[in-house]
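Database features, via TrEMBL:
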TRANSMEM  A:6-25  transmembrane segment
TRANSMEM  A:32-52  transmembrane segment
TRANSMEM  A:58-80  transmembrane segment
TRANSMEM  A:87-105  transmembrane segment
TRANSMEM  A:146-162  transmembrane segment
TRANSMEM  A:197-218  transmembrane segment
TRANSMEM  A:270-289  transmembrane segment
Amino acid sequence: MIDAFLHAAIVMTTPILLAAIGGLVNRIGGIVNIGLESMMLGGALIAVMVSAQTGSAGLAILAALVTGAVLGLLMSLVITRLSANEIIVGLGFSVATAGLVRFFLKSVYGVSGTYNPAGVAMLPPIDIPALHAAPVLGAIVSGQDALTWLAWALVPATAFALRRTRWGLRLRATGAAEATVRAVGLAPLTIRDASTVFAGALAGLAGAHLSIGVVGLFNEGISGGRGFIALAAFYFGRSSPWRTALGALLFGGFDAAQIRLQGHWIPAELLQALPYAIVIAVLTGLGLADRRAERSGRMG
Amino acid sequence: MTPAPAVAVRIGARALTRRYGALVANDAIDLSVAPGTIHSIVGGNGAGKSTLMRILQGVDFPDAGTVVLNDEPVRLSGPADAFARGVGMVHQEFMLAPPLSLLENLILAREPVGAAGLIDWRKAEEEAGNLAALAGAAIDWRLKAADAPIHVRQILEILRLLYRGADVLILDEPTAVLAPAQIVELLKLMGKLRDEGRTILFISHKLDEVMKCSDAITVMRAGRVVARTTASDTNVDALARAMVGDHAPALLIESRERPSGTPLFSARALAARDPLGFERLGPVDLDIRAGEIVGVAAVGGNGQDELVACAAGILAPAAGSIRLGGEDLAGASTARFRAAGVGYVSADRAHEGLCLTASLADNFIAGRERDTAFSRLGFLRPANIRAAAARGLAGLSVRYGSVDDPASSLSGGNQQRLAIARELSRAPRLLVVSQPTRGVDIAGTAFIHNLIADFRDRGGAVLLVSESLDELLALSDRILCLFNGRISGELSRSEAGVETVGRLMLGRRAAA
């Protein structure tokens, strides 16, 4: 029972963590990416399509990554080059992509809502025989797919890259002081675009994990607001990949809990709202803490 | 270091013109700066110095004429291009990323990279150490830029130019934010860099500094070059005349006998904390009578900022009482302070004094938008607002395009005129003024001093805080010295001299 829950918690954390790491990098570069949901949805659909066509999970992942990256680039260009508001553009991308996906399914495959082609190659789980039987640890690390491993590898890698590489330094400077970055002769908008492409690519992978890692089909509600939950996770994480991972784990855990609690006496619809309620509670708590900090730091 | 190149003009301009709408910011400017010299550009607020420097650095572009580098006319494509040609600038607003460390700010865009593409921090620290030694400064490179003292940030900006190999340094009013001792250090550093062959463009309106450090001097007024000279061929008076034109204003404001009667403003046992919770002020007792300017002299951080914030009703005192005309304002909101007749001119005009992105007209009536002249039934009356602003600005002799232009279109000194005029237009009883002429030129300073003195003569009470002793001695009827948050002495204008006030500011007793 506890093993199954822990395994599910890690599985449900993966898409949130991938998108949250992308969103974190994007935010450090100066854009709050509200469009992660759209990139996740696009990645999820393309992954199923390519997987069914080619029978290759690897190609499907690559296609999802490219899809997310392209959507990210489009969104970024609208924000950085046309000076559009990042919130409006991000929301617009999320709403528009959802509509386009529905239209695409209907007009190309003649299905509404769910696309379940034959021959979808799933992401294979990676079993670790030595640990498989181990209690708790086995459930956590054995049988997870490559994207889960990638997501967790990205946590220290991102922390390291932000601190130790010149791109990390330039990204941090771009988010903190655009005029400074321009004054020293760099192109802050291009740096910012690159960070959105990175975020889009990771959100695309998150979508692929949902469609060909977890369920093996595409449904228009498959992302289920996880792009927005990722937003909450990197807000929770401030500028730290480790704290962001903690936030993703928290929300992934509640996601898994809500699935396991279904079928008991609590109505399923109410349970499904649980992770989102937690998001609101956590962000409210953070907001209150910020306000308190601000008030005590207030000066005439 | 680059060997002194065999050119006559390292950097300059030829018939360079730049217009912003109706305003001609630079009008056919000719400028020639010889290599290996310190060349000062002096001029009042709005003279066009900053525009010219932005163009020389490739941040802005001329409408006509050209920039000249190494005797050749060039078209700069941007700041990176200027940098590639050895030209770097330290802006008035520092160009540092606040959350990054000083070291990270130094190497940004020119990071030393070692194996595997990682930043070579050891090499970065080594180069940073060499630069600090050159500047003769002790710098804690791990400090965040946001936490570094202002003069360290300034030095860092200069070192960054050197780090990146610039041999032409444009310094835009670098001394405006520095204390006297730090100014001496900076001028010394400039001389050293010049002696090593670098070329320095020094923008300032502090004429004594200009006289001390310059090889050549160019004077600008209203967008034109009005004089070219050298330090040995001129003096402060001649420069001042060239800067302000024919009508050099009188600077001395007449002092007044201490008026009698009950004080208008009265604080008792007032104490206040800074944002970090440290007790900065108090307890102090302070009375200001109608028709009196009370100046406060203190070294930065001795409670004067908290005193200003409390008197303006922005900071709630930790203890003590504040009364204005008998009304008890303890714990009152800022709105009640203002309704009771407190006007406030902030030292931070960019954030507290004005809304730089709003129009001149909106700034001019801000706080009075509910007056029937400016709104009716909850709707603004734009025609009245614009007319009032135009009338008000006309009385300030401010150069501007249209009252719909943002306040940021004014030069710093003119912004300050607007901020003070706005507060005076509310007809306050007490005016709380902090650093009214910081970064303001001679003519602007005289104008602002006259506004304040005029308010006093009409029966207003003034609390004046300034880092400039000259200003305090010129304006105040009475001077209070603050040390460690307490009043360390009180002098009438006739008793006060720079030395006496200076001693009291440092907590020592006045000479008997």
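Glycine too: its Cβ is placed from the backbone N, Cα and C atoms.
Beyond the transmembrane segment (A:270-289), the same-chain residues lying 6 or more positions past its ends with a Cβ under 8 Å from any Cβ of the stretch are 225, 228-229, 232, 235-236, 247, 250-251, 254-255, 257-258, 261-262. Most Cβ pairs within less than 8 Å of the transmembrane segment (A:87-105), among stretches A:6-25, A:32-52, A:58-80, A:146-162, A:197-218, belong to A:32-52. The listed stretches are A:6-25, A:32-52, A:58-80; of these, A:6-25 has the most Cβ pairs under 8 Å to the transmembrane segment (A:146-162).
Beyond the ends of the transmembrane segment (A:197-218), by six or more residues, the same chain brings 11, 14-16, 18-19, 21-23, 25-26, 33, 36-37, 39-49, 51, 57, 60-61, 64-73, 75-76, 105, 114-117, 120-123, 145, 147-148, 150, 154, 226-227, 230 to within a C-beta distance below 8 angstroms of the stretch.
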